Amino acid sequence: MGLKASLSLLSLTILLVFSKVVTANNITLAFQKYSKFSTMRDLFIKTKLIAAIDKYQTITVLAVSNDAISSITNRSEVELRNILMTHVILDYYDELKLQGMREKSIMLTTLYQTTGLGEQMNGFLNVSKSKGRVYFGSEVKNSPLNAEYVSTVYHNPYNLSIIQITMPIVAPGLSLAIFPPPPPYVHVAPYPTPMDASVVPAPGPAADDNSPDSAVPKTPPAPATDTPEADSPAPAPSADNEKIEAADKAKPSSSASKAGWSFDVILLLAFLASFAGF
């Protein structure tokens, strides 16, 4: 009995390990086999989700064709990772199980819910059946159920299933959960730079300078010159000064007349003396 129990335990361990390896490898192989899912395969590799999926033994991947998934390829790598995680269901579903649904609507847990960042049910999906058709959408309130089931691409019962849907599912608020708003920017005014007194600008004109008179340029004072006082016009002579000047002018005339008389007398005496000699 002990030997049989040991063999059973060993077989179970090998099966679990093998199943885990098959899950990771089959995801890559399944996407490589179908070229119409090459974009989604590249996104799974780019966002390093293959290793995260490898931790689970039972999953269902909602695959989207290259044309349909192009609507989200321009998002950031973090947003792409979150969106792709909502396309990984932590349960097994294939066409048989979907068509055999008893309830009209079922809530599904996705890989994104395991991150602890889920808000308002955006880590869950809703699958509903209506008139023989199956639709997927976010479990967030009022989210549309517009991703329709197309077909089962790959299935390994109760281990791995890859099913195609018509369009990607973008749950509201995924980016908000990853990118919290930054703290508000506080503007700090710079300290004023001390200025040297020599470079301080002169005060502006006073308020009175705004009057109309201030618009007329003022004539600067004439510079002082060394011009002698004689250059300035002489004052008008008074009556007394005129008399004195007239007297001064008359004196030379009197002297001249006296000198003339003396000369005549000398000539007369000389003439008389010449007669006396005879």
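Glycine is treated like the rest: Cβ placed from N, Cα and C.
What Swiss-Prot lists as compositional bias 'Basic and acidic residues' is 240-251.
Across the domain 'FAS1' (25-169), DSSP helix (H, G, I), strand (E, B) and coil residues number 49 helix, 42 strand, 54 coil. Annotation comment: Swiss-Prot describes 25-169 as domain 'FAS1'.
Marked as N-linked glycosylation site by Swiss-Prot on the basis of sequence analysis: Asn26 (among others).
Within 10 Å of the C-beta of Asn74 (N-linked glycosylation site) we count 8 further C-beta atoms, all protein chains included. Summarising the annotation, Swiss-Prot assigns N-linked glycosylation site to Asn74 (among others).
Swiss-Prot lists Asn126 (among others) with the feature N-linked glycosylation site, giving sequence analysis as the kind of evidence.
Asn159 (N-linked glycosylation site) counts 16 other C-beta atoms within 10 Å of its own C-beta, drawing on all protein chains shown. Residues annotated as N-linked glycosylation site in Swiss-Prot, with sequence analysis given as evidence: Asn159 (among others).
Positions annotated as region 'Disordered' by Swiss-Prot: 199-257.
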Distance from Asn159 (N-linked glycosylation site) back to Asn126 (N-linked glycosylation site), taken between C-alpha atoms, in Å: 21
Average model confidence [pLDDT] within the domain 'FAS1' (25-169): 91
C-beta crowding around Asn126 (N-linked glycosylation site), within 10 angstroms: 18
